[in-house]
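Here TrEMBL flags 6-28, 35-56, 62-78, 90-108, 120-139 as transmembrane segment. What TrEMBL records for Asp172 is active site.
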Amino acid sequence: MQVIYLDVLFIVNFVMDCMIFMSAAIFLNKSPSKIRFLVGGFIAALLYCLSILVPILSQLPFYIYDFLIPIIPIVIIYKVKNYKEFFKTFIACHFASFLIGGAIWNGYYMFLSQGKDQNLSLVLVLGIGTLVLMMLYGMSAYIRRRFIMPHFEYIMTLSHKGKQICVNGFLDSGNCLYTLTTHKPVTVMTYEAASELLSTKEKELIQIYQTQGIEGLLEKRGHEKVYLIPYESVGCKSDILVGFMMEKIILEKGMFQKTLDHCVVGIVSHELFGGQDYKALIHPDYMMVS
């Protein structure tokens, strides 16, 4: 008679479910928070254990609870908004489970064929699953960096109050930032790059905002034109960006060149794309301006 330890079953399912959901996120190019992965993995593992413990559930055909178990975790982790998005995410999760599961079974039987003790199975499950996840992440990062991201790179030349700088910018289709009253598109730029362009007064206003907040900024801005832009980014809490009007921005890529006058640039204190060589996120509306 085979003995199943519930705690071991739960832990293995929890870890594997987290790996599957992370792999699916790589396929879907999404970045849910770590907390969501943990909560989703916990719920999926709990539901799987209940399907074995509860007599009625244990008698159901495998494909029924195989379909039902991922529903709640998918909604929690990926925040799906419609049936089409749910179906795509559901397929990605199952593809990831087939990929990781196939790698684990192959590795397991390779060890058995070499006369290894089958008690290594738990180590193999976690080890091979982790290895597959790391390989997927590495391949995804390489493909994006080598083949996808270069198509969205532009050289940005910014002119402001008699100064001019050139930086590498990335056309971000997810950039939906606009000024509150005039609804002007906003390009996001790091303070490190923008500091060479900003005046002493503008730098002081940014420092005042960081230490004294919006009230201090509005009190001491004087006649300086300042934009306050609501901002939220992956891995960052919601915030307000301080923005300034640039006299001119020139976008260049190969033979392509576009000049835009009077553009708003919002300043962020953190790096973009995890420290890659991009200093600005270009607003997609710039490509539609004639």
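Just so you know, the numbers here start at 1 and follow the chain as drawn.
Including glycine, each Cβ sits where the backbone N, Cα and C put it.
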Legend entry - Cβ contacts under 8 Å made by the transmembrane segment (120-139) with residues that lie 6+ beyond its boundaries: 8, 12, 15-16, 19, 22-23, 26, 99-100, 103-104, 107-108, 111
Legend entry - the transmembrane segment (90-108) and the transmembrane segment (35-56) contact flag, 3+ Cβ pairs under 8 angstroms: no
Inset, instruction - Would you count the other CB atoms within 10 A of the CB of Asp172 (active site), including those on all shown protein chains? - result: 19
